[in-house]
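One structure below.
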C-alpha cells in the first residue's frame, strides 16, 4: 500500500525494542501503551507524580512550559498544594531547584524535551557537584514515536531521541524514561527514592501523551513513600572509633574541620556533639560555612589555606592531628594545591567511610554514627583552642570614610554584617563575594549558601529565587556581582511575581573581578548597565519593589534603613558602585595561587 511522505503510516517500529544506550543507570519502559483506564481523573500519572512531590517535601516546582510538558503541567498544578513557579528560562529554573533543595532537602524543575533539557543541564551538573537531590522532570516525545524513524522538532534532526538522555547520564545518579504506563509508577518512585538516597539529581522523562491517562497503579491514596534507613556496619564502626580515638587521644593539639559533605551525611548534630565533648578548636572549609554553628565557643573560623580567616590556618596546619568531616579538596578549596597538610596526621571522614592516616580504612560506616560514637570515646583536650586564643588579635574595623567619599567593599560588608540575624540567610555569588561573605559572622539560625565546587557565574539569581521560595519566613540577602547578574538577571521578574522580600546587593565594579585576579584581559570588562533602571522596568508597577543606587557610605546607611524598615515587605535592589580594583585581600592571594596552578607547564614526556 502506498503511503504519503510525512504520514503516520510511513513510520513503523522495526521491532519491539527501544534503542537506548547501554551505559549508565537507565530505567526505560519499553512496552506498548496500556489501554486500561479508570474513571477517576485523580488516578493519572500526572496526579501521582504531584502527590509524590508533595510527599517528599516539594511544594513548589520551577517550570518553563514547552509543548512536550504542557499536559503534565496541567496535572501538576491541579494539585492545590503544589505551586507552579514559572521561570524565565530553564537555566534559572534549575538553579532555583538547586537553591530550594539546599533549604528543603529536595527540589524539582519541569522543562520540555531537548531544548529545555539541554538548557537546564548546566544547573543540574552544579547540583550534582554539590550533592543536592534535584528532580529534573522533562516532558518527552509521544510514546508512539519511540522506536520509529520519525524526526521530531526540538531535536538535532536525527531519528534518535536518546541524545538528551545520554547527556544527563553523567550529571544524574539515575534516569527514568517513562514512555508507557505499565511500569511508570515503579519507575517514578525508584527515581525519586534514588535521588533522596544518593543526594544527587535524577532525570525523569515522561512522554507528553501519558500524563493525563489513568491507570490502576496510580491509586488515589498511594502507599506512603518511605526509604529504608542506611545502617553502619557495627563491627567496622567499633573498630574505626577505637582506632580514631587512639589516634586523637595521643595527639597534643588536635583540631576538627567540617567539610561540605556534612550536608549529604546529615551529620550536623553529630559534628557539633563531637566539638562539644572534645573541646578541640574547630573550623569549617569554605563550602561548609553555615552547616555548623559559628556561635560555638571553640569555633575559630574558615580554614581555606592561605586565605583562611585570621589565625585559623595557623592553628589547623600546625596541629599534630586533624579530623576532616566530609571534605572536598579541589584546586579552589586548596588555593591552588597549596595547603600545608600531611596525610599521616589526618582522619578523613566521608559520608560512608573513614580513613586514618596513611593506612587504616573502614567502609560501610555512616559519618553521623562515627562522629557520635567517637564523641563518647574522646578525651577532652582544649590545647588547640587555647593556642588560638593566645595568638588571636580581634579584627580592626575598616578605615573610616570621609564625608561622601566613594564606598569601599569592606565598608559595605561591615554594614551587611549588622543586618544578619536568625531571620536572614546569605547567598554569595561566584566572585569576590565568596571571600567577603566568608568573613561574615553568622548568628545562630542564619542561613548561608554558595556554590564552590561547580562555581558557575550567575548561579545566585536562580538560587536566591529557589531558596527564598523554600523559606518564606527568612529574608534572603544576596551579594551578586555585576558580571554574574548579567548572566541570569531575568528571574528577578519571578521573584517579584512570587512576592519575595529578598534584598539584592548588586556590586557594580565593571567586570569579572574574580577572573581579573586569576588572569586579566580585555574580555573581563563588561558593558555597564543601568541596573536599577532594568529592575524598575522588570517591576513595571506590578508587585512590591524598591530600587536605589549608592556611591558612598551615607547613601548605603540610608538604603539599608529603608530596606529593613519602610520597605521590609518589598523586594529591594541596592546597586553599589565600587572601584574596579576594590577587592578583598583574600581574592588577591587566592587569584595569584590559582593562576599559578592553572599555568603549570606540561610534564616532560
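A Cβ is built for glycine as well, from the same backbone N, Cα and C atoms used for every other residue.
Within its own chain, residue 482 (Mg(2+) binding site) has 506, 507, 508, 509, 510, 511, 526, 528, 529, 531 as residues 6 or more apart in sequence whose C-beta sits under 8 angstroms from its own. Marked as Mg(2+) binding site by TrEMBL: 482, 509, 511.
The DSSP breakdown of the domain 'Thiamine pyrophosphate enzyme N-terminal TPP-binding' (44-148), given as helix, strand and coil counts, is 50 helix, 22 strand, 33 coil. Annotation comment: TrEMBL describes 44-148 as domain 'Thiamine pyrophosphate enzyme N-terminal TPP-binding'.
Residues or ranges marked as domain 'Thiamine pyrophosphate enzyme central' in TrEMBL: 241-358.
Averaged over the domain 'Thiamine pyrophosphate enzyme TPP-binding' (451-576), the predicted model reaches a pLDDT of 96. Among the features that TrEMBL reports, domain 'Thiamine pyrophosphate enzyme TPP-binding' is placed at 451-576.
The region 'Disordered' annotation in TrEMBL covers 1-29.
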Number of helical, extended and coil residues in the domain 'Thiamine pyrophosphate enzyme central' (241-358), per DSSP: 39 helix, 25 strand, 54 coil
Secondary structure composition of the domain 'Thiamine pyrophosphate enzyme TPP-binding' (451-576) [DSSP: H/G/I, E/B, coil]: 58 helix, 28 strand, 40 coil
8 Å Cβ shell about 482, 509, 511 centroid, Mg(2+) site members excluded: 481, 483, 507, 508, 510, 512, 513, 526, 580
